[in-house]
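All remarks here apply to the structure that follows.
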């Protein structure tokens, strides 16, 4: 009942803003006449600026979004904008519960002793709520309406891809090809600069290489969350950390798009949080590949829109490590099962404990120099377990979760989740601290 009243209240605020918003231009034309007022505070796409008292303009630029002096209008606008992420969270939570009741597709939670069946693909609720939030933002930020709708197309296409993957189980080759097709709207409509600023080097014109870079990023971001999965809450957990740190980064390093990109990051956080309440240990649903593809593409779109793609790329260093670590299996150098999630053992004292899952190889595979070199390298680094006997070799699957378990030994599923999310948070915090250092160094110079 409380959730229903919250949604109704938020919708009322949005409707009031839309109705009030039609009168803004008239009010502002009168209020901001330079012959009457020398200086007036305005809001441009979420950033503050001032009208030059020496300017001859009697009205703001066409692309400028202006909030009238009327305090009521300002309050309605501000409250409505910041309520959109909250609305996304409430909607995600309610839709998740609704989809769980309607779902006819179930998966087995292999890490529980009773092998309980849980509804699958509930991540669709989070995707719907986030896209709904983008549509609402397009009403509040009309200057960026075209960009927001293009990004929503990319997110929707990847959501569809994830739902298809949950239904028909696509091969790994399809998982790399289809995300590239889904980011075509970004390529076709991209009109930005091809220059990139590289720290400690300078500005470089990438030219057509920028499109190759964006193509690779589209494939990487879409699959980064999906590859790193397998325990309760870890998909939502990593997105919560990433989207939360995006919002913090936009607050600390503001620019002309920081408010909107920060709000989109916070909307992704709330949409994922509403789902996380159902997916956390012990899970009552599975998010499915639909959530992984949706969240990965959403992170990419937010990073491209806000112009902080390098920062976001560094935020995802654990996912990059997991991706590179997994390449021998993804490229079929080492046999790759469809699911590489950790295994479970049961003990009388501690109950269910998570251990690394393994893949079995015939000894003849080790005659290959590439296979032998890869396995020896990972053994030296302590990233995999290795057992040999009866003409066969068993190595743990090449994922970061299994690598953690190789180091820690058997632990509870919830403990593994906390360890990984802590690693993700530390990495993001280090990136922000490094940015603070370089910014202060640049200002000092």
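Every residue, even glycine, has its Cβ placed from backbone N, Cα and C.
Please treat TrEMBL annotations as automatic predictions, because they have not gone through curation.
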Which range of 57-73, 176-192, 227-243, 295-311 is transmembrane segment, per TrEMBL: 176-192
Range from 147-164, 198-220, 258-278 with most C-beta pairs under 8 A to the transmembrane segment (75-95): 258-278
Any contact, the transmembrane segment (147-164) to the transmembrane segment (198-220), with at least 3 Cβ pairs under 8 A: no
